[in-house]
Structures are given as structure tokens and as C-alpha cells.
Amino acid sequence: MANRLIGRLPKVGIRPVIDGRERGIRESLEVQTMNMAKAAASLIEENLRFPGGEKVECVISDTTIGGVAEAAMCADQFEREGVAVSLTVTPCWCYGTEVMDSNPSIPKAVWGFNGTERPGAVYLAAALAGYAQKGLPAFGIYGRNVQDAGDETIPEDVQEKIIRFVKAALAAAQMKGKSYLSIGYTSMGIAGSMVNPDFFQDYLGMRTEFVDMVEVKRRIDQEIYDKEEYEKALAWTRENCVEGEDHNAPEMQSDRARKDWEWETVVKMTLIFRDLMIGNPKLKEAGFGEEALGRNAIAGGFQGQRQWTDYYPNGDFSEVFMNTSFDWNGIREAFVFATENDSLNAVPMLFGHLLSNTAQIFSDVRTFWSAEAVKRVTGKELTGIAKDGIIHLINSGATTLDATGQHLDKDGNSVMKPFWEIDDEDVKRCLDNTRFCPGSKGYFRGGGYSSQFKTAGQMPVTMSRLNLVKGQGPVLQIAEGYTADIEDAVHKVLDKRTDPTWPTTWFVPRLTGKGAFKDVYSVMANWGANHGAISYGHIGADLITLASILRIPVCMHNVDEDKIFRPSVWNAFGEDKEGADYRACQNFGPMYK
Ligand SMILES: C[C@H](O)[C@@H](O)[C@@H](O)C(=O)CO
Ligand SMILES: [Mn+2]
């Protein structure tokens, strides 16, 4: 089941462009050109899905495009059909700017067939020069190896670039027009929770919606939620979410009656957060038409600390199930929902969700543990991938249960699956390996339940973070690496020093020996904020492509240079890729300004 957002899913438009000279040339190229478009459409449709599970759809221009009139007809057709991403394909020479896609708000790429009977790649170069001159950044794609004219296969290097571009462009298109929902506002002076509407509007094309936390209390008190669902949710929670040890001093512990009330309250809070984000038709039946509509939020966050948590149960349980790919209704798409309303962590979580189709981890980037420090406090050596030190990713009580590492592939390895691949056994293991401990009363006077687990397995993950810098604007940082399964004896000692009721993921970035990736310590030392968004898989290259579409420069990454794919005009800003990225982003400015 996908989350119910308003607006149709974006489509990918394929533009077969052609040499317009009739009486021989054009006719000889019609079939080959159209076939390239069809091959690209099949590649995309067979490989890509939305995070809601729907298949990506392509629209091929009704005719090949030999000149400006046909380019306009195609633009018209694409607008009618909801195209938000444009891929131009051709095997031959065409008239550069005459056949171009001139819509500035649609991300674009051009694939020029690398043959020599007809010069598709030379058209590509001419087209890219035109796009650069007109200030319309476009991605250029052509294969490394020359193909024969009759070869209808798409070489692997071309496939990789088409998929990377389309995936990132669709991510940008899905965000556009949706909302970030801020429930409450700034948490404990965290700058990322001073939600910046200008950033969301200019760079992501998104709205920002603000709802005071008292609205949650109103809905609890006035029972504005689906009461039938609430009963079902509470029963499921009682059966499946095991209450963990109370680590509070005895005099601080809540009594059983209060604890039961806290369970009821956190379940209600979860229904209310979701309804605030995407609405709920059941509320209309109960006479709450306005509340039933929701805020069309593709991402959101809950301030929690401190006003709410000083008085009421914390948001941990609710944040867990918002971000998890299942709940009492079964297996479904995870939401993107930030702890402490840190919207600048919600954004990379949203990027990760849209690029990988999986649930996202929200964490404090808490502690660098060197091998020496671990030896000192535990008497033990770190081994395996952890041998050079580890970063403690731990959130103050909430993290997606998909991060338990309890989804297993067919060989029994820990993975994080898109929801449509998750089975009931995966769900059961996630729940069995989690305890919901009464929240630490020193921090959370109102109680609540924090999720406690240790991420199992060695999973490839990518940590990212967006920061806003006055005068510069947004910058993105990316660290690919692995989760490390630390032996229990060591884990327990380290975990206890923080808060034993919280979820832990041990992270080891992939080192390059240079700059921010010189060693594990440097990665933590270069992190720009207290939080990180962690996504399953190595998606750094996809994040870089997406950031370039949105004109957000990347200030730190450990992605192989060969995988970096940005609009070709970025090359005009210098040979050093990172510096060029800053200059290009600055020159073109945000997508929606
Ligand atoms: C409970 C604490 O206030 C935590 O929430 C705090 O350490 C943070 O998570 C800061 O990001
Ligand atoms: Mn935090």
C-alpha cells in the first residue's frame, strides 16, 4: 500500500529526435529512432518503481521530432500526459536547438547513439552546447564503445546513466508541490528544526505547513481519530511491541496505570501524526471534513522536546512506526518523519526514500569510538571492518524497525527491503528484536516508550545530511559505508554509556585516505550537524545526481569519480569536480526560484 498523496505520479517523456530532411534521410531513420525510444522506455519501465510500489510509466512522443513544430507538439503532449522528466534520444544528426526541449522546469538528458554511419554522438555535443548556451542544464549520455547502426541494445554504461538520471529526476518531480509538515517548531535550539520555508520552496518546490503541537492534544482529547483503527492498533501494539526494562530510578518510574495510559497515548499520537500528514477519509465520516484532508505531506517531523515531552509521552513510538514499513494495518510504504522536527535531516531522508524505495534511519551522529578507546573501556579489540574505529549512530529513542537488520535475503543476509518485498517473517523478526523501554524520565518527564535494538548484519548504507549555510545556501554531505555488527560484550558496554533504551547502529564509512575520509575520526569530525539520515545501499552517486538537478552543491563525499554524473555543463566550471559543482550550482541557482 502506498501513501495517499494528492497529485498524479510523474511520467518520463521520451523524445526521439531526427534529421528533418525528407526524401531519403528522415525516412531511413524513422524506425531506428523510434526503436531507440522504445528501448529506453522498456529499460526504464522494467527497472524503476516508485516508493509506493507503482511502476514508472514512460510517454513516447507521438512522432519523431525533426524541427521546432514537432518539438512544440511533443511539449504539448507531454504537458497533457503529466511528463516531468525528459529524455531525448537519437541515432543521428539533428538540428541542435531546433529540436531541443526548452522547458526550464523539467530535468533533461540526451542520449546520442555512439555510431558513425549516422552521428548521434555529434548531435549530442551540438545539443549540449545549445543547452549550455541557453542556461538549461542537461545530462549527456553516450556509450564508450561504438555500436553498429543495426544494434538495438543499450550498452551497460548507457543503461546505468539513463537509470541514474531518471531515478534522480523522478525524485525531484515527486517532491515538487508536496509539503513538509512541521508539528511544533524548534526543538532544543536545533537549527534544522527552525524550518526554513524559503529553502523548501526555492530548492525543492515544496510547501511548508506548520501545526502547533496543541493540535495533537486537541485530537486526543476530542477523539478526532478513527476509533475503530485505534482499538485495532492498541490491541496489535499490546501483542507485538514488547515493553522493555525500565531503566529509571525506582522513584522516577511510572506506575502501571500511568504506563498503560502512556501506551494508549502514543498509539493515538501515531494515528494523529499520520492523519495530519496525509488525511484520513474516516474523519470525514465522523464529521471532521477539514481534518480528513491532511496536509499532502511527503515528509514531516515532530518537535517533541521539550514542551510536549516535559508534559506528555514522547514521540519515539510514533516516530518508529511512521518510519517503519509496517504497522497494525500490515506491510506498507514507510513515511519520512524526523525526530526533533529536524527538517534538514528529513530532506536527505526523503532523498534516500525516493531514490532507494526503502525506509530511512534517523540518528544522532553521536560518538566516534577509536579502537584505542574501545580497548580502554572494554578490554577488547575491534575486529573486521570495525578495526579502525566506529561511529555510534543512536537516536534518542526512535528509529525505523527496518533498521534492525532483520529483513533477510534468500541467503540469510541482513538487508532493508522495499515494502513490497518484505514478508511476515521479516516483520516478526524486526518486532522480536526490539524492546520498547519506558523513556528516560530525566530527559522525558512525560514518559513514553523508546525503541531499543542493535542493528544486525553488515549492510551497505549511505549516510547523508543537508546543512544550510548563511551566504552559501544548502550543501549536502554524503558518506557511504557499512553497518558493523559489534560483538555483544563490546556493544553493551559502549551502549550503556549513552542510553541503553535507544536504538543503535554501528557505522563504518568507506575510507579513501584523503580529506574528510582520511580515517573514521575525520568523517565524524567533518559532519555538519548532530544528525544523519541513513539509507540502505550505496546511493551516493544517485544523491550527487539529484543534488545537481536541485542545484545543491555536495561538500563531502566518498563516491568514485567514475560514478559521478551531473549535467554536462558542470564541466565548463573547471576540472576539479567539487569546486565546479559549487560554481555551477551558484550560476544556475535553485530550480524553483
Ligand atoms: C534526549 C536528548 O535530549 C536527545 O534528544 C539529544 O541528545 C539529541 O538527540 C540531540 O539531537
Ligand atoms: Mn537528536
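Each Cβ is built from the backbone N, Cα and C atoms, and glycine gets one as well.
Since this is a predicted model, take the numbers as computed values, not measurements.
As recorded in TrEMBL, the features of this protein are as follows:
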ACT_SITE  GLU340  active site, proton acceptor
ACT_SITE  ASP364  active site, proton acceptor
BINDING   GLU340, ASP364, HIS531  Mn(2+) binding site
DOMAIN    10-177  domain 'L-fucose isomerase N-terminal-1'
DOMAIN    178-357  domain 'L-fucose isomerase N-terminal-2'
DOMAIN    393-557  domain 'L-fucose isomerase C-terminal'
DSSP-derived class (H/G/I helix, E/B strand, else coil) of GLU340 (active site, proton acceptor): coil
Residue with minimal Cβ packing [other Cβ atoms within 10 Å] among the active-site residues GLU340, ASP364: ASP364
Intrachain C-beta neighbours of HIS531 (Mn(2+) binding site), sequence separation six or more, cut-off 8 angstroms: GLY192, THR339, GLU340, ASP342, LEU344, ASN345, PHE362, SER363, ASP364, VAL365, ARG465
Residues close to Mn(2+) site centre defined by GLU340, ASP364, HIS531, Cβ within 8 Å: ILE190, THR339, ASP342, ASN345, PHE362, SER363, ASN395, SER396, ALA529, ASN530
Local confidence of the prediction over the domain 'L-fucose isomerase C-terminal' (393-557), expressed as mean pLDDT: 97
